[in-house]
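Enquirer: Residues or ranges marked as transmembrane segment in TrEMBL: A:17-38, A:50-69, A:127-145, A:166-187, A:217-237, A:258-285, A:297-316.
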């Protein structure tokens, strides 16, 4: 009798779009406030800087969101970024052509994602555990490979990329668009995207409906690994070194961006534009706090409070209050 | 409240026959739905009052209003002669109104005793008096005549036993008015009998019982009076001695009982599926065929091997021996994917756990098996996605505001229609229905049966699994009886009577199956 009619909810046709607009409004509001409060915020230099800062977390957050929609979590992405900087630096210094070096690095990311899928699907490990294990061991492997030293990349063209702009917009931000558009089409307009949602909602029902659940899980973690390796390449280009301890804690920023962007940690709820906006909201707060000379320690607290506030209001709205 | 047994026992203050609770124009509206139209009804002290009605008739809403889970829109509730607000669950409980739900809402990881005293633990100087509580709880359980230990973890008991504990828990809190919401859905016959004993005993102590059930035989066994709800309206209240099955069903669905089991006979066509000496986990050496245009019924107790047999056909489990033939050719079915590709479809037993993505839209659920067909390469045709979903919603008469409403917002019967409906567009030839009408009301049942007829007329074959004998008996062209993993008997349409089939399913005749008969 729990089966009896719960009042039918009014259709939430444009819920995703609406939430996205609210986030966009929040972002614009932050920008307006900061432009008024500080002289330097609205400068072209600072905006470019802000876009660069937010871009890498934004790409990580997209991959992370795929995983979270299936009801999982990928704690390894920060470590994969650090590891990828080492791989790409070593390859370039060994004289491998840049494009090949990047391709191999991306394949390493794919391999790490496949390993996560294997651990979850075949070994039955919880996503939290297998990706936590990768988080610590990848840092270790990277340190072994480099003897704990940073590797300077001796290729100027490679480094130039992340510092340049195209049409006045930093290249790093173009990379967000390069990842974001296919990701959006994939998640919202392909059957694989639908399967990510259905597996996150009810894996058993999906299986019985002919969805290949194992392949869907492999896919989610592979895409997350791929995004992380790509960010590793971008980071290596930006800082000009390969160092396995880079990107410490980025997995948490990626998860925070995703959650601020409306992704449910219980799975089956999420979008692509949400996490992107979430990442730039976080970047704006950090950037603005720097300009306002707010203690860096406070920035962390503000981020924490923001996560609670946004997710709370999102939850209220979802319950229809 | 303290924890001595005396104080915990019901303390009714009214003599039998007097009105304890009266509803005057009680009404509930949700945005867009008039869930309960103004109702006038008086409950007497010490009566067992059954409430029956289809899913969506307003029974759950009524319970939620009475237990303070939701506020009413208008109307009055008179409790012992005084108006009661019933604004919070706490207030309802303080008055002595309590409910036992179909699904056990207790903490599975705590002990039976801890659950009994949850929220009212006995403690001294902040330290829990665990042993005293176990002793107390055991005394109450023994007193009620349940043969259950109080010190074990609740989750170690069967669902039925947990249900008994939930009932026991509700009775020890000064309860004067106790609502049972389909309590026997998961109980064995023996457990149900224990529960009925408890209910009669409470009545003897002056407690008013509201008993909600889909099972007519229970209503006639227990109740003094029965009220029928339909579409949020109280159709009528009858003394149980002055009514019968047929009248109640007619009041509930506005249509006669003969129209429920809708059976069309078709001439069977070619053999679709054949199992030859198939063995696997939970069943052995089973052979049968399914032809186009026929319903093959599988009857047996829970655990007799029926579900294991069909999930093996469907590729969920590996067969250990034997062959599966599809349209005369041997096939290997190693996964659900293979089965679906061949042309099989399975509507599983538990729609919540296996059938639906509850927090996703109705449309997505309906289209899930056919996304491959409605997408070119990777991209989904959104026009086709919409038309397919809307077509199934119209075709199956699924009551939903739009295809974008979440599946969880629909009633049980409508959810079940999704579970079945998603296969219609897929074009499967063999449909396997595992307990398709559990927890579904008579009206939806009739619609599901009519759907069977439609499928058959299009040349599909059906395997129907049910623990409810009348269902397979009235619908199956061929009826196979399972017992302990073996196929023990096969009958044609109405070639055996209920007693024979039941005997074959039970063999030792010790216990009736799952309270379903």
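Using the three backbone atoms N, Cα and C, a Cβ is placed for every residue, glycine included.
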Enquirer: Sequence-remote contacts (6 or more beyond its ends) of the transmembrane segment (A:17-38), Cβ cut-off under 8 Å?
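Expert: For the transmembrane segment (A:17-38), the list is 260-262, 271, 273-274, 277-278, 280-281, 284-285, 287-288, 291-292, 314, 317.
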Enquirer: Using a Cβ cut-off under 8 Å, which residues of the same chain at least 6 positions beyond either end of the transmembrane segment (A:217-237) come close to it?
Expert: 55-56, 59-60, 62-64, 66-67, 69-70, 72, 74, 76-78, 80-85, 87-89, 102, 105-106, 108-114, 116-118, 120-121, 127, 153, 158-159, 161-162, 172, 175, 179, 192, 196, 199, 246-247, 250
Enquirer: Which listed stretch (A:50-69, A:166-187, A:258-285) has the most C-beta pairs under 8 A with the transmembrane segment (A:297-316)?
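Expert: Going through each listed stretch, the top one turns out to be A:258-285.
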Enquirer: What residues in the same chain, six or more past the boundaries of the transmembrane segment (A:258-285), come closer than 8 Å to it by Cβ-Cβ distance?
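Expert: Long-range Cβ neighbours of the transmembrane segment (A:258-285): 16, 19-20, 23-24, 26-27, 30-31, 34, 50-51, 53-54, 57-58, 60-62, 64-65, 68-73, 176, 180, 183-184, 187-188, 197-198, 200-201, 299, 302-303, 306-307, 310-311, 314.
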Enquirer: Same-chain Cβ contacts of the transmembrane segment (A:166-187) under 8 Å, 6 or more residues past its ends?
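Expert: Beyond its ends, the transmembrane segment (A:166-187) has Cβ neighbours at 44, 48, 51-52, 55-56, 58-59, 62, 65-66, 69, 193, 196, 227, 230, 234, 238, 270-273, 276.
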Enquirer: Can you name the far-off residues of the same chain, 6+ from the ends of the transmembrane segment (A:50-69), with a Cβ under 8 Å from a Cβ of it?
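Expert: Residues packing against the transmembrane segment (A:50-69) from afar: 77-78, 81, 127, 162, 169-170, 172-173, 175-176, 179-180, 183, 187, 196-197, 200, 219-221, 223-228, 230-231, 234-235, 238, 250-251, 253-255, 257-258, 261, 263-265, 267-272, 274-276, 278-280, 282-284, 286-287.
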